[in-house]
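Asks: Pasting the feature list from Swiss-Prot:
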- 25-357: topological domain 'Extracellular' (TOPO_DOM)
- Cys31-Cys126: disulfide bond (DISULFID)
- Cys53-Cys118: disulfide bond (DISULFID)
- Asn63: N-linked glycosylation site (CARBOHYD)
- Asn122: N-linked glycosylation site (CARBOHYD)
- Asn138: N-linked glycosylation site (CARBOHYD)
- Cys143-Cys185: disulfide bond (DISULFID)
- Cys164-Cys216: disulfide bond (DISULFID)
- Asn213: N-linked glycosylation site (CARBOHYD)
- 242-350: domain 'Ig-like C2-type 3' (DOMAIN)
- Asn264: N-linked glycosylation site (CARBOHYD)
- Cys267-Cys334: disulfide bond (DISULFID)
- Asn331: N-linked glycosylation site (CARBOHYD)
Amino acid sequence: MKAPIPHLILLYATFTQSLKVVTKRGSADGCTDWSVDIKKYQVLVGEPVRIKCALFYGYIRTNYTLAQSAGLSLMWYKSSGPGDFEEPIAFDGSRMSKEEDSIWFRPTLLQDSGLYACVIRNSTYCMKVSISLTVGENDTGLCYNSKMKYFEKAELSKSKEISCRDIEDFLLPTREPEILWYKECRTKTWRPSIVFKRDTLLIKEVKEDDIGNYTCELKYGGFVVRRTTELTVTAPLTDKPPKLLYPMESKLTIQETQLGGSANLTCRAFFGYSGDVSPLIYWMKGEKFIEDLDENRVWESDIRILKEHLGEQEVSISLIVDSVEEGDLGNYSCYVENGNGRRHASVLLHKRELMYTVELAGGLGAILLLLVCSVTIYKCYKIEIMLFYRNHFGAEELDGDNKDYDAYLSYTKVDPDQWNQETGEEERFALEILPDMLEKHYGYKLFIPDRDLIPTGTYIEDVARCVDQSKRLIIVMTPNYVVRRGWSIFELETRLRNMLVTGEIKVILIECSELRGIMNYQEVEALKHTIKLLTVIKWHGPKCNKLNSKFWKRLQYEMPFKRIEPITHEQALDVSEQGPFGELQTVSAISMAAATSTALATAHPDLRSTFHNTYHSQMRQKHYYRSYEYDVPPTGTLPLTSIGNQHTYCNIPMTLINGQRPQTKSSREPNPDEAHTNSAILPLLARETSISSVIW
């Protein structure tokens, strides 16, 4: 039914008045062009879409029905882009059709992308606007195109609704839509706090792991419509001003610099989440902003984001002063601001005094460290260091040049057949290893009483004279030495005691094994307090016999130093050595040989060989370091004139010199040489018979 004429005139006047209200822009050929509408359509290829003419939804106050009734027609044009040629659209009525104020695509193709212009006009008025359509494909392996996503933000611990956008054209008012939701294009078992309502997904309490892409899927006819929304989770909106991390608000920070150098003042602050507002941080000098200063040498760096999490940021900004001058010194303030307030902190740029505190501290620290290391090394390797220095740079002892021996060795002699299992190692060390190492390896000249002292009636005086001729006194404290009080001779003789008390001779006391609990050990402790120059060295058993052990190094360190080569065995057996008993030893050996020759000459022929072998065997057993054997001429006589014209004496038992045989204790067999027992040539004195020669 046609509308009455007056009504049409009124409608036309109303529509014309509506057009006159809108301001024209981009008018061409009498048609107002509103360019491209703000609403853009983005769909995936194969999905349906409805493009509405935007003129009826924001530009004019009328609808398609009223415009058509007023005699206005709606036409559609397509172009590739703004300013391109527009051509009318020929609708095929199936895939692409015009329905009232819209164009329907069922479905879209990639070539459908472009600008669609809708024009309403009559003979007097014309208005035009373009709508953008973008058709894209899914990203590889995904169910969405990352350039066609919607974006939502949610605050931590708060609720959030995610809507399935732009599906109103596909919903039926009489039916509930069947919408499926995916996260990252995969089905998910949703927790109870996530609820679905028609076309929305409600998260009652947002968590950090809710961040991601949510896709809703709706079926429309034979097509599928998908919309994807990316959810970003942030911290709750802050209600506090930013917090300064450096410099601190509560105190003035002083930064020293040198004139002519560069200075860098860095300000760091923490900003809570404030929405899309960027952090505001800057420097000021007094009441002036840095950019307002006349100096180009003073400038600010860009704001740097050091850390960021859920919208909260830690940022920094630096103030750089190139070539610091006197006028650049002073107070600089760092300000931080957000919608909740402003805070600031100050830094005082101060001239550095010419004090090398750091350098001095570093140097002293290095020296102290070097000193500690040196002391530690010296403590651990003192003996090795001193021996090395002495061997390469040391000098011999001058105060001992007039002494014949390097050391006097005092110990208790025990025959090997009397060694027991407990003290055998100590006795072997004292009798064999110690003298052998000192003489043969280190080349020292020792005075060993059992070997070098000829017994006389003045035995104690002879010992004192020999000790006085030695640079060191070595006392070997074996268990037998302690039990027999081997040191008693040093207490009986006044000269020896004074030498120990006054420090005229340095004493080296070698303790073998554990001596505590042994009889007379208390006297050993008293002896130690008596000696002024005393060094105690522990011998810890056979492991100390090794050449590289600490024991030998310590002993060598305490012994006098002299540059000599280690003596050989032949040198140690040389009877021409000079000393307090050098000549006496020569005579002793010759006299012994003469006595032995006389005894053998008068003995029975069968006993000569036996006595000769037995005598020399016993001598070898009792004397380990020097042999007193002498080859007697076959005639059995000894040219005593070879001794020389010097006055010499010896303490040989006169029975041997007279040719007498010692009395045997056995009475089972008669003595073959009994006839010679009373043939004394020289009378024996009481003093001579009282002296025994076993101390050799």
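The backbone N, Cα and C atoms fix where each Cβ goes, glycine too.
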Asks: Express the distance between the Cα positions of Asn331 (N-linked glycosylation site) and Asn213 (N-linked glycosylation site) as a whole number of Å.
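Replies: Pair distance, Cα basis, whole Å: 50 Å.
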Asks: Out of Cys53, Cys143, Cys185, give me whichever of these disulfide-bonded residues has the highest number of other Cβ atoms within 10 Å.
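Replies: Most Cβ neighbours within 10 Å: Cys53.
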Asks: What three-state class does DSSP give Cys31 (disulfide bond)?
Replies: strand
Asks: Counting each residue once, how many in the domain 'Ig-like C2-type 3' (242-350) are helix, strand and coil under DSSP?
Replies: 6 helix, 64 strand, 39 coil
Asks: Work out how many Å separate Asn138 (N-linked glycosylation site) and Cys53 (disulfide bond) at their Cα atoms, rounded off.
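Replies: Cys53 (disulfide bond) has its Cα 27 Å from the Cα of Asn138 (N-linked glycosylation site).
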Asks: Would you say which of the glycosylation sites Asn63, Asn122, Asn213, Asn264 has the most Cβ atoms within 10 Å of its own Cβ?
Replies: Asn213
Asks: State the mean pLDDT for the domain 'Ig-like C2-type 3' (242-350).
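Replies: Mean per-residue confidence for the domain 'Ig-like C2-type 3' (242-350): 92 out of 100.
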Asks: For Cys267 (disulfide bond), which residues of its chain lie six or more apart in sequence with Cβ-Cβ distance below 8 Å?
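Replies: For Cys267 (disulfide bond), the qualifying residues are Leu244, Tyr246, Pro247, Ile281, Trp283, Ser316, Ile317, Ser318, Leu319, Cys334, Val336, Ala345.
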Asks: If we count other C-beta atoms within 10 Å, could you say which of the disulfide-bonded residues Cys31, Cys118, Cys126, Cys164, Cys334 has the fewest?
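Replies: Among the disulfide-bonded residues Cys31, Cys118, Cys126, Cys164, Cys334, the lowest count of other Cβ atoms within 10 Å belongs to Cys31.
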Asks: Looking at the recorded positions Asn63, Cys126, Asn213, which has the shortest Cα distance to Cys164 (disulfide bond)?
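Replies: Closest recorded candidate to Cys164 (disulfide bond) by Cα: Asn213.
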Asks: Restricting to the chain of Cys216 (disulfide bond) and a gap of 6 or more, list residues whose Cβ falls under 8 Å of its Cβ, or answer none.
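Replies: In sequence order, Cys164, Ile167, Ile179, Leu180, Trp181, Tyr182, Asp199, Leu201, Arg226, Arg227, Thr228, Thr229 meet the Cβ cut-off.
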